[in-house]
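Pulled from TrEMBL:
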TRANSMEM  A:6-29  transmembrane segment
DOMAIN    A:11-410  domain 'Ammonium transporter AmtB-like'
TRANSMEM  A:50-77  transmembrane segment
TRANSMEM  A:97-116  transmembrane segment
TRANSMEM  A:123-145  transmembrane segment
TRANSMEM  A:157-178  transmembrane segment
TRANSMEM  A:199-216  transmembrane segment
TRANSMEM  A:228-255  transmembrane segment
TRANSMEM  A:262-278  transmembrane segment
TRANSMEM  A:284-301  transmembrane segment
TRANSMEM  A:313-334  transmembrane segment
TRANSMEM  A:354-381  transmembrane segment
Amino acid sequence: MDPIFLMNNLWVIMGFILVILMQGGFILLEAGSTRMKNAGHIAGKTIFTLGIASLVFWAVGYGFVYGTSAGGVIGVSDFFFGDFTTIFDGLAGSVDFIFQLAFAAIALTIAFGGFAERAKLAAYVVFAVLFSAFVYPVVAHWVWGSGWIAALGKQDFAGSTVVHLTGAMAAFAATLLLKPRIGKFNKDGSPNELAGHNQVYTALGVLLLWVGWFGFNGASTFGVDDAFFGFAILNTQLAAAAGAVAALLIAWAALGKADVPTMLNGALAGLVAITASAAFVEPWAAVIIGAVGGLAVFYSMKFFEKKGIDDPIFALSVHGAAGIWGTLSTGFFATPELAAMNGGQAGLFYGGGLTQLGVQFISVAACGLFAFIASYVLLLVTRSLIGGLRVSEEEEIMGLDISEHGSYGYPESISASVKKVNTGA
Amino acid sequence: MRNVRSLPSYQTYDEIRWNREREYKQAADNIKRLNDAHDRWMTETISLAVEKVEREQGRVPAPFTFVVMGSAGRREQAIWSDQDHGLIFMGSNMMYKEYFLRLGEEIREGMAAVGYPRCEGKVMASHPRWCHSAGEWKEQIDDWIQKDEWATLRHLLTFIDARALLGERMLLNRVKSYVFQQIAGNPCLLGRLAENTSRLQQATNAFGKLLTEEKGPYTGFLHIKDVGLFPYIHAMRLLAMKEGIHETSTLERMKQTAAQYPFVHAKIQPFYTLLNLRASFWEHHRTYEDVHYIPVRTLSKDRKKRIKTALQQGKQLFQQTKKVIESGEK
């Protein structure tokens, strides 16, 4: 066997493992960012929705993304994937499949950020199936399959749009339909702090995601040729670093306090932003892209809160705002050499004019709009199927650990007052 | 200061509260008038408490003075204010202490009924730490200084704002003079006290915008006491301790030290500005919790500018004072 072929496959499998481990990062990030009474639920749902995403992606998702294209809109073959003889993108078909599956699962986990602390368990189950079948695969087909946006020459190396913006738009639709958590806003619209219960978890979650991102972006080279993955990883590291520093500095300057959750979101925003452009830009541009991501996430968090939108995990800002910026960034910073290597054209700052920026803009608008509308409609379908998306007021107050699963993530630590609700009239 | 024997003018705490509710609107926008009124309401309450305890336990066994501390001590109370008080009595009989602690309890309950919430930090005459004979007070002050811990030095700073509201003023003067002697004989102590209060809350952000509350029911409001008044209060308390000034009002402390410390003079007007700003929003203030919050979005550009200047001046005053104290240590 060709050793390069083998190494390519091993590298991508390594990437798959790292991306699956990012789910562990999300578990810690989300559990740490929410309250104790929902911790077991938040952690547990991530695992079973990973299961649902895997099964649905295997059954239909992969076929919708990479099957024979029906008019550039959706794939219509390769369902129930299992052919060990295929070669796709220079990889064993199974290797390519499993790597793509991990991305689909990440998009779903991002979408569930908008559900946090108030959605019924059944809503997770039904929407996991619908999103994994009908939202993510469509966008992925448009950009990464043989879809109409791919034909325009869109640059989205590892999925600022496909994974992050798509997930964020679903989270946006969910948070609009679910409405804010009890106690998040006062009658005059002013927000309250519903602080996450463990910043250490959140920080560890971010670090785990950061490391996992080396698989997310690094293995999106689909091979080890020229060790180009090292360049993608270098850009990833710089953008994350710049995002964390920029978010910390802007929070410190604007609020007078170096807010830890904002800084952590800055690191993630840097990672999300560089996801589209890791293979297209020079390291100095990666620093700028990450830093702008870090600044954008700060203002985006404030914006959504001011608008009365409750985004407990900051999915809209971290994955939405930074996802949009990251996708547009290649339209500014893509170098001619890297564009020639990886597709599309040079960006505005490298004499490429507005062409690539225009393509990036169209793709952000089209994918974002589709993901939002499709998710909104599918959430309405989910709502009618299960009789409402949101748990009752009493269930929300007692916490989803006990209301949806019958046991607490922290049984010894839940205060008597919360337990009392459970035994009240 | 009135004598306890000519009071009370009311039969119940409720009557005092009703009277307070009737009167406060006329005094709310003027610091002096408002604090005169507070003194009146508190004195009536204490007198009534004394009368009740005397009915229960017999006549007050020894001369005493009832002191108020915190904003009441400094005559800087807003319309709603919590309790901060203590008792100094003559003699050292343990029976006296029991009696005065009981009196402290009655005063605490009476003041709560009149509308002064209990002090969360328990700075109240009902607590053994704040109810002593003059001799015990001196021992406690020695103990606080010797222990030299953050909490004990904070107690000492609290005590320095004590003002006699009722009874024998000389008891307080005697204890305070003792504190001033200790400070004069211990050059490091003032530095430690300055350190104790040196955490100043940031008033504006790096872009020069007033830093308001980010979350909660006071979103967009400025906490004028934490951000604006405290630097002035802390600075002038330190200078008063250095110079042995018995006066407790920040403005009076400023006036008495301005000749010796020229930098103080320019800070009088900005401190007034902040006090008047809070008073001008009295109609928005319905409870003790919201009494220091200013809705920044309702302020004109010019007023915001004046506030920012006053906030900067307060910070400068504290820093200049700290320098004076540090130079005295060398």
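Easy rule for this one: first residue shown is 1, then count along the chain.
Glycine is no exception: its Cβ is also placed from the backbone N, Cα and C atoms.
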Distant-in-sequence neighbours of the transmembrane segment (A:284-301), which means Cβ under 8 A and at least six residues beyond its ends: 234-236, 238-248, 250-251, 254, 262, 265-274, 277-278, 311, 314, 316-318, 320-322, 325-326, 329, 333
Stretch-level contact, the transmembrane segment (A:123-145) and the transmembrane segment (A:50-77), CB cutoff 8 A, at least 3 pairs: yes
Contact call for the transmembrane segment (A:97-116) against the transmembrane segment (A:228-255), three or more Cβ pairs under 8 Å: no
Whether the transmembrane segment (A:262-278) meets the transmembrane segment (A:199-216): three or more C-beta pairs under 8 angstroms: yes
Most Cβ pairs under 8 Å with the transmembrane segment (A:313-334), selected from A:6-29, A:50-77, A:157-178, A:199-216: A:157-178
Recorded stretches the transmembrane segment (A:354-381) and the transmembrane segment (A:199-216) touching, at least 3 CB pairs under 8 Å: no
Touch test for the transmembrane segment (A:6-29) and the transmembrane segment (A:157-178), at least 3 Cβ pairs under 8 Å: no
